[in-house]
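To start, the structure under review is shown below, and the notes come after it.
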Amino acid sequence: MMQASITSILVVLTLVAQDRLAGGLEHKSYDYTKYHTMDEISAWMNQMQRENPDVVSTMTYGQTYEKRNITLLKIGFSSTTPKKAIWMDCGIHAREWIAPAFCQHFVKEVLGSYKTDSRVNMLFKNLDFYITPVLNMDGYIYSWLNNSTRLWRKSRSPCHENSTCSGTDLNRNFYANWGMVGISRNCCSEVYNGATALSEPEAEAVTDFLGAHQNHLLCYLTIHSYGQLILVPYGHPNISAPNYDELMEVGLAAAKAIKAVHGKSYKVGSSPDVLYPNSGSSRDFARLIGIPYSFTFELRDEGQHGFILPEDQIQPTCQEAYEGAMSIINYVHDKNFKNTAITVTATLWTTLMALWISTSHVF
């Protein structure tokens, strides 16, 4: 009987272990200093929701070409009325593994601090965060297959019948000066912009979501690599955003915040000015439909490792980029919620003064 009980317990423990492996490792053991497969990231997303049900929910807003659900994390305190929101997506280009790593880091940081950090708590009260850790899921999975696919960039949709090539550059497929500059009509090219604007279901899904929420979205952040850049609209050299000067000011402040962490310098400007002209980008589309603050982050490095950024650089890259992103988010928040920001600042100063007075009388 004793042997049977021990056997039963071992069976149960084995099943539990297998279930955890299938569903992803526990949050405490999730390694944010490593790159993760799509299955691991999906399990992590579910875990974030399970562990933080008061502030995290998942939303599926489309499917990839290979019929995978495109899912985001909605983060913030619940509200009976629609809230203003921040969008962040990572992994639109498959080979840029540091981008999904950053989205995960960002989520970890805000969820780990909103209960103790009054600033993040205020953001959660006034804003919702829509965060897609991997937009190009098909391409990302393909980039994990082997060394020959590691540098895959595009989606995985097929080209026309007479071509052996596949994939569209999703960041050339949005309806924003589509097909004008910085693209190719050759499907074998890495910057192939698709048969038509929004030919790709991934781009269409984002477009539909932004359209449905455009009156509430204040800021659009799309995370890429590499180059250490903060890019503002637009990718066309002859078109500037109406609030270009303000975007530059906000971007330069973010670059300053980034440099303060590990000393890394980020250039700020439009894509034609600091990188290359392009069209059909998600950043430009977001600005065109009226989302006032739209930025592309190109994370580390400057070409030493390129897309194969070593894992020992994940943490410092994410730490500095987090400060840059929060610099932008705080600016956007404070501009739209001035009274709230003043109240929090006053409360902070009152608390500091009280502490100073109390300690100044201690002899």
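One-based numbering along the chain as shown.
Note: Cβ is positioned from N, Cα and C throughout, glycine not excepted.
The active site, proton donor/acceptor annotation in Swiss-Prot covers Glu298, and the record cites sequence analysis as its basis. Secondary structure at Glu298 (active site, proton donor/acceptor), taken from DSSP and collapsed to helix, strand or coil, is strand.
Following the DSSP three-state reduction, the secondary structure of His93 (Zn(2+) binding site) is coil. According to Swiss-Prot, the Zn(2+) binding site annotation covers His93, Glu96, His224.
Look at Asn69 (N-linked glycosylation site): DSSP puts it in a strand. Positions annotated as N-linked glycosylation site by Swiss-Prot: Asn69 (among others).
Long-range C-beta contacts of Asn147 (N-linked glycosylation site), restricted to its own chain and to partners at least six residues apart, with a cutoff below 8 Å, are absent. According to Swiss-Prot, the N-linked glycosylation site annotation covers Asn147 (among others).
The N-linked glycosylation site annotation in Swiss-Prot covers Asn162 (among others). All protein chains considered, the CB of Asn162 (N-linked glycosylation site) has 6 other CB atoms within 10 Å.
Taking Cβ-Cβ distances under 8 Å and a sequence gap of 6 or more within the same chain, Asn238 (N-linked glycosylation site) has no neighbours at all. What Swiss-Prot lists as N-linked glycosylation site is Asn238 (among others).
The GPI-anchor amidated asparagine annotation in Swiss-Prot covers Asn339.
The closest partner of Glu96 (Zn(2+) binding site) among the recorded positions, by CA position, is Glu298; the full candidate set was Asn69, Asn162, Glu298.
Other Cβ atoms within 10 Å of the Cβ of Asn69 (N-linked glycosylation site), summed over all protein chains shown, number 13. Nearest Cα neighbour of His93 (Zn(2+) binding site) among the listed recorded positions (Asn69, Asn162, Glu298): Glu298. Sequence-distant neighbours of His224 (Zn(2+) binding site): residues of the same chain at least 6 apart with a C-beta under 8 Å from its C-beta are Ile92, His93, Glu96, Ala99, Asn171, Thr296, Phe297, Glu298, Leu299. When the Cα atoms are compared, Asn162 (N-linked glycosylation site) and Asn69 (N-linked glycosylation site) turn out to be 29 Å apart. Apart from His93, Glu96, His224, the Zn(2+) site neighbourhood in this chain, defined by C-beta within 8 angstroms of the site C-beta centre, holds Gly91, Ile92, Ala94, Arg95, Ala99, Arg153, Asn171, Ile223, Ser225, Glu298, Phe307.
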